[in-house]
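Reviewing the structure listed below.
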(Lines of atoms letter the chains of each structure in order from A and count residues from 1; the text may use other names and numbers.)
(Lines give C-alpha, C1' and ligand atoms only; values in the text may rest on other atoms or scores of the structure.)
Protein backbone atom coordinates (compact mmCIF):
# COMPACT_ATOMS: atom_id res chain seq x y z
CA UNK A 1 0.00 0.00 0.00
CA UNK A 2 1.40 3.36 -0.86
CA UNK A 3 1.22 7.00 -0.17
CA UNK A 4 3.69 8.48 -2.57
CA UNK A 5 6.68 9.27 -0.42
CA UNK A 6 9.79 8.58 -2.46
CA UNK A 7 10.80 4.95 -2.03
CA UNK A 8 14.38 6.01 -2.66
CA UNK A 9 14.56 7.83 0.69
CA UNK A 10 17.01 5.69 2.62
CA UNK A 11 16.52 4.64 6.19
CA UNK A 12 20.16 5.50 6.78
CA UNK A 13 19.40 9.14 6.02
CA UNK A 14 16.46 9.08 8.38
CA UNK A 15 18.56 7.38 11.01
CA UNK A 16 21.33 9.95 10.67
CA UNK A 17 18.82 12.77 11.05
CA UNK A 18 17.34 11.11 14.10
CA UNK A 19 20.82 10.66 15.52
CA UNK A 20 21.69 14.33 15.03
CA UNK A 21 18.44 15.35 16.69
CA UNK A 22 19.06 13.03 19.60
CA UNK A 23 22.62 14.34 19.99
CA UNK A 24 21.41 17.93 19.99
CA UNK A 25 18.75 17.07 22.55
CA UNK A 26 21.30 15.44 24.82
CA UNK A 27 23.53 18.49 24.67
CA UNK A 28 20.67 20.63 25.95
CA UNK A 29 19.70 18.21 28.74
CA UNK A 30 20.86 18.87 32.29
CA UNK A 31 22.92 16.24 34.17
CA UNK A 32 19.93 15.55 36.40
CA UNK A 33 17.68 14.92 33.39
CA UNK A 34 20.26 12.61 31.83
CA UNK A 35 20.61 10.64 35.06
CA UNK A 36 16.83 10.40 35.34
CA UNK A 37 16.49 9.11 31.77
CA UNK A 38 19.23 6.55 32.37
CA UNK A 39 17.51 5.40 35.55
CA UNK A 40 14.18 5.01 33.72
CA UNK A 41 15.84 3.02 30.96
CA UNK A 42 17.55 0.75 33.49
CA UNK A 43 14.25 0.27 35.32
CA UNK A 44 12.43 -0.68 32.09
CA UNK A 45 15.19 -3.14 31.22
CA UNK A 46 14.98 -4.68 34.68
CA UNK A 47 11.20 -5.07 34.45
CA UNK A 48 11.50 -6.73 31.03
CA UNK A 49 14.19 -9.10 32.32
CA UNK A 50 12.09 -10.09 35.34
CA UNK A 51 9.03 -10.63 33.13
CA UNK A 52 11.06 -12.81 30.78
CA UNK A 53 12.41 -14.87 33.70
CA UNK A 54 8.89 -15.32 35.09
CA UNK A 55 7.47 -16.42 31.74
CA UNK A 56 10.39 -18.77 31.18
CA UNK A 57 9.70 -20.52 34.49
CA UNK A 58 5.91 -20.47 34.10
CA UNK A 59 5.93 -22.03 30.63
CA UNK A 60 8.97 -24.28 31.26
CA UNK A 61 10.74 -22.61 28.38
CA UNK A 62 14.10 -23.14 30.06
CA UNK A 63 13.64 -26.89 29.57
CA UNK A 64 13.26 -26.35 25.83
CA UNK A 65 16.38 -24.22 25.72
CA UNK A 66 18.36 -27.09 27.29
CA UNK A 67 17.28 -29.53 24.59
CA UNK A 68 20.05 -30.30 22.13
CA UNK A 69 19.02 -29.10 18.69
CA UNK A 70 20.62 -30.75 15.65
CA UNK A 71 22.40 -28.41 13.25
CA UNK A 72 21.07 -28.73 9.70
CA UNK A 73 23.29 -26.04 8.15
CA UNK A 74 26.96 -26.80 7.53
CA UNK A 75 27.60 -23.14 8.32
CA UNK A 76 25.15 -20.77 10.04
CA UNK A 77 25.61 -17.98 7.51
CA UNK A 78 23.84 -16.53 4.49
CA UNK A 79 26.14 -18.57 2.25
CA UNK A 80 25.43 -21.64 4.38
CA UNK A 81 21.70 -21.26 3.79
CA UNK A 82 22.25 -21.06 0.03
CA UNK A 83 24.44 -24.19 0.07
CA UNK A 84 21.66 -25.97 1.98
CA UNK A 85 19.16 -24.88 -0.70
CA UNK A 86 21.41 -26.36 -3.39
CA UNK A 87 22.04 -29.61 -1.52
CA UNK A 88 18.82 -31.33 -2.51
CA UNK A 89 17.84 -31.70 1.16
CA UNK A 90 15.71 -28.54 1.08
CA UNK A 91 12.41 -29.06 -0.76
CA UNK A 92 9.68 -27.37 1.31
CA UNK A 93 10.54 -23.70 1.72
CA UNK A 94 8.06 -21.35 3.37
CA UNK A 95 8.38 -17.62 2.77
CA UNK A 96 6.92 -15.04 5.16
CA UNK A 97 6.84 -11.44 3.97
CA UNK A 98 5.67 -7.96 4.93
CA UNK A 99 5.52 -4.50 3.41
CA UNK A 100 9.29 -4.32 2.97
CA UNK A 101 9.20 -6.51 -0.15
CA UNK A 102 7.03 -3.95 -1.95
CA UNK A 103 8.80 -0.68 -1.07
CA UNK A 104 10.93 -0.77 -4.22
CA UNK A 105 7.70 -0.91 -6.23
CA UNK A 106 6.81 2.51 -4.79
CA UNK A 107 4.66 1.21 -1.95
CA UNK A 108 5.85 2.42 1.48
CA UNK A 109 5.87 0.19 4.52
CA UNK A 110 3.90 1.12 7.62
CA UNK A 111 6.49 1.96 10.26
CA UNK A 112 9.64 3.46 8.68
CA UNK A 113 10.17 6.94 10.21
CA UNK A 114 9.31 9.70 7.77
CA UNK A 115 8.37 7.48 4.81
CA UNK A 116 6.12 4.89 6.46
CA UNK A 117 2.39 4.99 5.88
CA UNK A 118 1.60 5.75 9.53
CA UNK A 119 3.81 8.85 9.40
CA UNK A 120 1.92 10.22 6.41
CA UNK A 121 -1.73 10.07 7.46
CA UNK A 122 -1.98 13.48 9.15
CA UNK A 123 -4.11 14.87 6.31
CA UNK A 124 -6.98 12.55 7.23
CA UNK A 125 -7.52 13.98 10.74
CA UNK A 126 -7.57 10.57 12.37
CA UNK A 127 -7.66 10.02 16.14
CA UNK A 128 -4.51 7.90 15.60
CA UNK A 129 -2.85 6.49 12.44
CA UNK A 130 -4.08 2.92 12.89
CA UNK A 131 -7.71 4.13 12.95
CA UNK A 132 -7.87 4.17 9.16
CA UNK A 133 -7.59 0.35 9.26
CA UNK A 134 -9.87 -0.25 12.27
CA UNK A 135 -13.21 -1.83 11.45
CA UNK A 136 -15.23 0.19 14.00
CA UNK A 137 -13.80 3.47 12.69
CA UNK A 138 -14.44 2.37 9.08
CA UNK A 139 -18.10 1.57 9.81
CA UNK A 140 -18.60 5.03 11.27
CA UNK A 141 -16.52 6.95 8.75
CA UNK A 142 -15.33 5.06 5.64
CA UNK A 143 -14.31 8.21 3.74
CA UNK A 144 -10.63 8.42 4.88
CA UNK A 145 -9.99 4.81 3.86
CA UNK A 146 -11.41 5.24 0.36
CA UNK A 147 -9.53 8.51 -0.19
CA UNK A 148 -6.33 6.70 0.75
CA UNK A 149 -7.30 3.63 -1.29
CA UNK A 150 -7.35 5.73 -4.47
CA UNK A 151 -3.66 6.54 -3.97
CA UNK A 152 -2.74 2.99 -3.03
CA UNK A 153 -4.96 0.98 -5.33
CA UNK A 154 -3.54 -2.28 -6.74
CA UNK A 155 -2.80 -2.15 -10.44
CA UNK A 156 -0.54 0.88 -10.35
CA UNK A 157 2.58 -1.04 -9.31
CA UNK A 158 4.79 -3.81 -10.65
CA UNK A 159 6.14 -6.76 -8.65
CA UNK A 160 9.68 -6.44 -7.35
CA UNK A 161 12.81 -8.57 -7.69
CA UNK A 162 11.80 -10.18 -4.40
CA UNK A 163 8.36 -11.16 -5.76
CA UNK A 164 9.94 -12.81 -8.78
CA UNK A 165 12.54 -14.60 -6.66
CA UNK A 166 9.64 -16.19 -4.76
CA UNK A 167 8.05 -17.13 -8.09
CA UNK A 168 11.37 -18.66 -9.15
CA UNK A 169 11.47 -20.71 -5.93
CA UNK A 170 8.13 -22.16 -6.98
CA UNK A 171 9.25 -22.85 -10.54
CA UNK A 172 12.27 -24.71 -9.15
CA UNK A 173 9.91 -26.90 -7.11
CA UNK A 174 11.18 -25.59 -3.76
CA UNK A 175 8.27 -23.46 -2.51
CA UNK A 176 5.80 -25.08 -0.14
CA UNK A 177 3.83 -21.91 0.63
CA UNK A 178 4.13 -18.13 0.54
CA UNK A 179 2.57 -16.20 3.45
CA UNK A 180 2.12 -12.46 2.96
CA UNK A 181 0.85 -9.66 5.17
CA UNK A 182 0.51 -7.42 2.12
CA UNK A 183 -2.75 -6.43 0.45
CA UNK A 184 -1.20 -5.00 -2.71
CA UNK A 185 -1.94 -8.19 -4.76
CA UNK A 186 1.56 -8.11 -6.30
CA UNK A 187 1.92 -11.87 -5.81
CA UNK A 188 -1.11 -12.30 -8.06
CA UNK A 189 0.34 -9.87 -10.60
CA UNK A 190 3.58 -11.88 -10.63
CA UNK A 191 1.46 -14.96 -11.48
CA UNK A 192 2.38 -16.94 -8.38
CA UNK A 193 -0.08 -19.89 -8.33
CA UNK A 194 -2.96 -19.17 -5.95
CA UNK A 195 -2.62 -22.55 -4.26
CA UNK A 196 0.85 -21.46 -3.09
CA UNK A 197 -0.41 -18.12 -1.75
CA UNK A 198 -1.81 -17.29 1.69
CA UNK A 199 -2.92 -13.66 1.98
CA UNK A 200 -2.95 -13.50 5.76
CA UNK A 201 -4.38 -9.99 5.91
CA UNK A 202 -6.84 -10.40 3.07
CA UNK A 203 -6.99 -8.98 -0.43
CA UNK A 204 -8.44 -6.26 -2.63
CA UNK A 205 -9.38 -8.92 -5.18
CA UNK A 206 -12.93 -9.15 -3.85
CA UNK A 207 -15.19 -6.98 -1.67
CA UNK A 208 -18.37 -7.56 0.32
CA UNK A 209 -21.31 -5.53 1.59
CA UNK A 210 -21.12 -5.01 5.34
CA UNK A 211 -24.92 -5.30 5.59
CA UNK A 212 -26.10 -8.12 3.29
CA UNK A 213 -22.82 -9.81 2.37
CA UNK A 214 -23.16 -9.40 -1.41
CA UNK A 215 -19.84 -9.88 -3.22
CA UNK A 216 -18.29 -7.36 -5.62
CA UNK A 217 -15.38 -7.66 -8.04
CA UNK A 218 -12.08 -5.81 -8.25
CA UNK A 219 -13.06 -3.87 -11.44
CA UNK A 220 -16.35 -2.78 -9.83
CA UNK A 221 -14.61 -1.52 -6.70
CA UNK A 222 -11.89 0.20 -8.71
CA UNK A 223 -14.45 2.13 -10.76
CA UNK A 224 -16.17 3.39 -7.61
CA UNK A 225 -12.93 4.41 -5.90
CA UNK A 226 -11.61 6.28 -8.92
CA UNK A 227 -14.96 8.03 -9.31
CA UNK A 228 -14.42 9.37 -5.76
CA UNK A 229 -17.47 7.53 -4.48
CA UNK A 230 -18.02 5.64 -1.25
CA UNK A 231 -19.12 2.26 -2.67
CA UNK A 232 -22.58 1.22 -1.54
CA UNK A 233 -24.57 -1.94 -2.18
CA UNK A 234 -26.62 -2.27 -5.38
CA UNK A 235 -28.87 -4.99 -3.96
CA UNK A 236 -32.53 -4.05 -3.61
CA UNK A 237 -33.39 -2.43 -0.27
CA UNK A 238 -29.73 -2.40 0.83
CA UNK A 239 -27.50 0.65 1.19
CA UNK A 240 -24.62 -0.99 3.06
CA UNK A 241 -21.04 0.15 2.50
CA UNK A 242 -18.89 -2.19 0.41
CA UNK A 243 -15.56 -3.06 2.06
CA UNK A 244 -12.61 -4.71 0.30
CA UNK A 245 -11.82 -8.12 1.76
CA UNK A 246 -8.72 -6.91 3.58
CA UNK A 247 -8.42 -7.68 7.28
CA UNK A 248 -8.93 -4.59 9.41
CA UNK A 249 -7.86 -4.38 13.04
CA UNK A 250 -10.71 -6.00 14.95
CA UNK A 251 -11.44 -8.65 12.29
CA UNK A 252 -10.47 -12.32 12.14
CA UNK A 253 -7.89 -13.61 9.70
CA UNK A 254 -9.12 -15.69 6.73
CA UNK A 255 -9.84 -19.37 7.43
CA UNK A 256 -7.23 -20.34 4.84
CA UNK A 257 -4.51 -18.88 7.07
CA UNK A 258 -5.11 -21.25 10.00
CA UNK A 259 -5.87 -24.20 7.71
CA UNK A 260 -2.55 -23.90 5.88
CA UNK A 261 -0.46 -23.10 8.96
CA UNK A 262 -1.59 -26.28 10.72
CA UNK A 263 -0.13 -28.54 8.02
CA UNK A 264 2.60 -26.40 6.41
CA UNK A 265 4.76 -25.77 9.47
CA UNK A 266 5.22 -29.51 10.02
CA UNK A 267 6.61 -29.94 6.49
CA UNK A 268 8.78 -26.81 6.35
CA UNK A 269 12.53 -27.42 5.97
CA UNK A 270 13.58 -23.77 5.51
CA UNK A 271 11.82 -20.58 6.60
CA UNK A 272 12.70 -17.35 4.77
CA UNK A 273 11.34 -14.17 6.39
CA UNK A 274 11.61 -10.87 4.51
CA UNK A 275 10.53 -7.26 4.88
CA UNK A 276 8.54 -7.54 8.10
CA UNK A 277 9.27 -6.24 11.59
CA UNK A 278 7.37 -9.23 13.03
CA UNK A 279 5.25 -7.01 15.25
CA UNK A 280 1.69 -7.88 14.19
CA UNK A 281 0.25 -11.05 15.70
CA UNK A 282 -0.68 -13.75 14.97
CA UNK A 283 1.31 -13.52 11.71
CA UNK A 284 4.58 -12.87 13.57
CA UNK A 285 4.21 -16.06 15.60
CA UNK A 286 4.60 -18.19 12.46
CA UNK A 287 8.36 -17.76 12.76
CA UNK A 288 8.21 -19.94 15.86
CA UNK A 289 5.84 -22.60 14.57
CA UNK A 290 8.48 -24.55 12.66
CA UNK A 291 10.59 -27.29 14.27
CA UNK A 292 13.45 -26.03 16.45
CA UNK A 293 16.01 -27.51 14.05
CA UNK A 294 14.66 -25.81 10.91
CA UNK A 295 16.92 -23.02 9.56
CA UNK A 296 15.43 -19.51 9.54
CA UNK A 297 16.77 -16.76 7.28
CA UNK A 298 15.68 -13.21 8.14
CA UNK A 299 16.28 -10.52 5.48
CA UNK A 300 15.44 -7.03 6.71
CA UNK A 301 17.03 -3.63 7.25
CA UNK A 302 16.79 -4.03 11.03
CA UNK A 303 16.85 -6.97 13.43
CA UNK A 304 13.89 -7.72 15.62
CA UNK A 305 14.25 -6.51 19.22
CA UNK A 306 14.48 -8.80 22.28
CA UNK A 307 10.95 -7.68 23.22
CA UNK A 308 9.66 -8.79 19.79
CA UNK A 309 11.42 -12.14 20.22
CA UNK A 310 9.87 -12.63 23.66
CA UNK A 311 6.36 -11.97 22.35
CA UNK A 312 6.90 -14.37 19.46
CA UNK A 313 8.17 -16.99 21.90
CA UNK A 314 5.04 -16.67 24.04
CA UNK A 315 2.64 -16.59 21.08
CA UNK A 316 4.30 -19.34 19.08
CA UNK A 317 5.67 -21.67 21.73
CA UNK A 318 9.23 -21.77 20.44
CA UNK A 319 12.30 -19.65 21.02
CA UNK A 320 13.06 -16.18 19.73
CA UNK A 321 15.77 -15.55 17.15
CA UNK A 322 19.26 -16.37 18.41
CA UNK A 323 21.33 -14.58 15.79
CA UNK A 324 24.16 -13.63 18.15
CA UNK A 325 23.99 -16.54 20.60
CA UNK A 326 27.00 -18.84 20.87
CA UNK A 327 24.78 -21.91 20.59
CA UNK A 328 22.87 -20.63 17.53
CA UNK A 329 22.52 -23.49 15.03
CA UNK A 330 19.88 -22.18 12.64
CA UNK A 331 19.11 -18.42 12.69
CA UNK A 332 20.72 -16.23 10.02
CA UNK A 333 20.24 -12.47 9.75
CA UNK A 334 21.07 -10.75 6.47
CA UNK A 335 20.91 -6.95 6.75
CA UNK A 336 19.73 -5.82 3.33
CA UNK A 337 16.76 -4.63 1.36
CA UNK A 338 14.63 -7.52 0.20
CA UNK A 339 15.60 -7.03 -3.46
CA UNK A 340 19.30 -6.91 -2.63
CA UNK A 341 19.03 -9.99 -0.43
CA UNK A 342 17.12 -11.97 -3.06
CA UNK A 343 19.51 -10.93 -5.83
CA UNK A 344 22.47 -12.07 -3.74
CA UNK A 345 20.73 -15.36 -2.98
CA UNK A 346 19.94 -15.93 -6.66
CA UNK A 347 23.58 -15.34 -7.59
CA UNK A 348 24.81 -17.82 -4.96
CA UNK A 349 22.26 -20.37 -6.18
CA UNK A 350 23.31 -19.89 -9.81
CA UNK A 351 19.97 -18.31 -10.73
CA UNK A 352 21.10 -14.70 -11.04
CA UNK A 353 20.80 -14.32 -14.81
CA UNK A 354 17.53 -16.25 -14.84
CA UNK A 355 16.04 -13.95 -12.19
CA UNK A 356 17.12 -10.78 -13.99
CA UNK A 357 15.71 -12.05 -17.30
CA UNK A 358 12.43 -13.00 -15.61
CA UNK A 359 12.03 -9.54 -14.06
CA UNK A 360 12.78 -7.81 -17.37
CA UNK A 361 10.39 -10.02 -19.33
CA UNK A 362 7.55 -9.74 -16.81
CA UNK A 363 7.86 -5.97 -16.42
CA UNK A 364 7.72 -5.59 -20.22
CA UNK A 365 4.58 -7.76 -20.29
CA UNK A 366 2.91 -5.71 -17.55
CA UNK A 367 3.82 -2.42 -19.27
CA UNK A 368 2.25 -3.70 -22.49
CA UNK A 369 -0.93 -4.80 -20.72
CA UNK A 370 -1.25 -1.50 -18.86
CA UNK A 371 -0.78 0.45 -22.10
CA UNK A 372 -3.48 -1.64 -23.79
CA UNK A 373 -5.87 -0.95 -20.91
CA UNK A 374 -5.20 2.79 -21.14
CA UNK A 375 -5.87 2.75 -24.90
CA UNK A 376 -9.11 0.80 -24.37
CA UNK A 377 -10.25 3.19 -21.64
CA UNK A 378 -9.43 6.22 -23.80
CA UNK A 379 -11.30 4.75 -26.77
CA UNK A 380 -14.34 3.97 -24.60
CA UNK A 381 -14.29 7.50 -23.18
CA UNK A 382 -14.18 9.06 -26.65
CA UNK A 383 -17.12 6.94 -27.82
CA UNK A 384 -19.22 8.06 -24.86
CA UNK A 385 -18.46 11.69 -25.68
CA UNK A 386 -19.42 11.41 -29.38
CA UNK A 387 -22.83 12.97 -30.25
CA UNK A 388 -25.81 10.71 -30.99
CA UNK A 389 -26.81 10.43 -34.67
CA UNK A 390 -29.53 12.89 -35.71
CA UNK A 391 -33.01 11.66 -34.92
CA UNK A 392 -31.80 8.92 -32.57
CA UNK A 393 -32.22 9.69 -28.87
CA UNK A 394 -29.58 8.44 -26.47
CA UNK A 395 -30.32 5.24 -24.57
CA UNK A 396 -31.03 5.33 -20.86
CA UNK A 397 -27.92 5.82 -18.75
CA UNK A 398 -26.47 2.68 -17.29
CA UNK A 399 -24.45 1.84 -14.25
CA UNK A 400 -22.13 -1.12 -13.73
CA UNK A 401 -23.36 -4.08 -11.73
CA UNK A 402 -21.05 -5.76 -9.28
CA UNK A 403 -19.83 -8.29 -11.88
CA UNK A 404 -18.78 -5.47 -14.21
CA UNK A 405 -21.73 -5.78 -16.65
CA UNK A 406 -24.11 -2.91 -17.35
CA UNK A 407 -27.69 -2.54 -16.14
CA UNK A 408 -30.12 0.41 -16.05
CA UNK A 409 -29.40 2.63 -13.09
CA UNK A 410 -32.18 2.25 -10.56
CA UNK A 411 -30.62 3.72 -7.44
CA UNK A 412 -29.54 7.15 -6.40
CA UNK A 413 -25.87 8.00 -7.10
CA UNK A 414 -23.33 6.83 -4.55
CA UNK A 415 -22.14 9.29 -1.95
CA UNK A 416 -19.24 11.35 -3.22
CA UNK A 417 -16.05 11.42 -1.20
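Using the three backbone atoms N, Cα and C, a Cβ is placed for every residue, glycine included.
According to TrEMBL, the protein carries these features:
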- 1-46: region 'Disordered' (REGION)
- 18-32: compositional bias 'Polar residues' (COMPBIAS)
- 66-352: domain 'Deacetylase sirtuin-type' (DOMAIN)
- 201: active site, proton acceptor (ACT_SITE)
- 209, 212, 233, 238: Zn(2+) binding site (BINDING)
- 366-378: compositional bias 'Basic and acidic residues' (COMPBIAS)
- 366-417: region 'Disordered' (REGION)
- 406-417: compositional bias 'Low complexity' (COMPBIAS)
(message) If I restrict to non-local contacts, at least six residues apart, and a C-beta distance under 8 angstroms, what lies near residue 238 (Zn(2+) binding site) in its own chain?
(response) 209, 211, 212, 214
(message) Quick check: which same-chain residues outside 209, 212, 233, 238 lie with their CB within 8 A of the centre of the Zn(2+) site CB atoms?
(response) 210, 211, 213, 214, 232, 234, 235, 239, 240, 242
(message) Please identify which of 212, 233 has the densest Cβ environment, defined as other Cβ atoms within 10 Å, among these binding-site residues.
(response) 233
(request) Please report how many Å separate the Cα atom of the residue listed as 'active site, proton acceptor' from that of residue 233 (Zn(2+) binding site), as a whole number. (result) 23
(request) Could you tell me the mean pLDDT over the domain 'Deacetylase sirtuin-type' (66-352), as a whole number? (result) 88
(request) Could you put numbers on the helix, strand and coil content of the compositional bias 'Basic and acidic residues' (366-378), residue by residue per DSSP? (result) 13 helix, 0 strand, 0 coil
(message) Taking 10 A as the limit, how many CB atoms besides its own sit near the CB of residue 209 (Zn(2+) binding site)?
(response) 21
(request) State the count of C-beta atoms found within 10 angstroms of the C-beta of the residue listed as 'active site, proton acceptor', not counting that atom itself. (result) 19
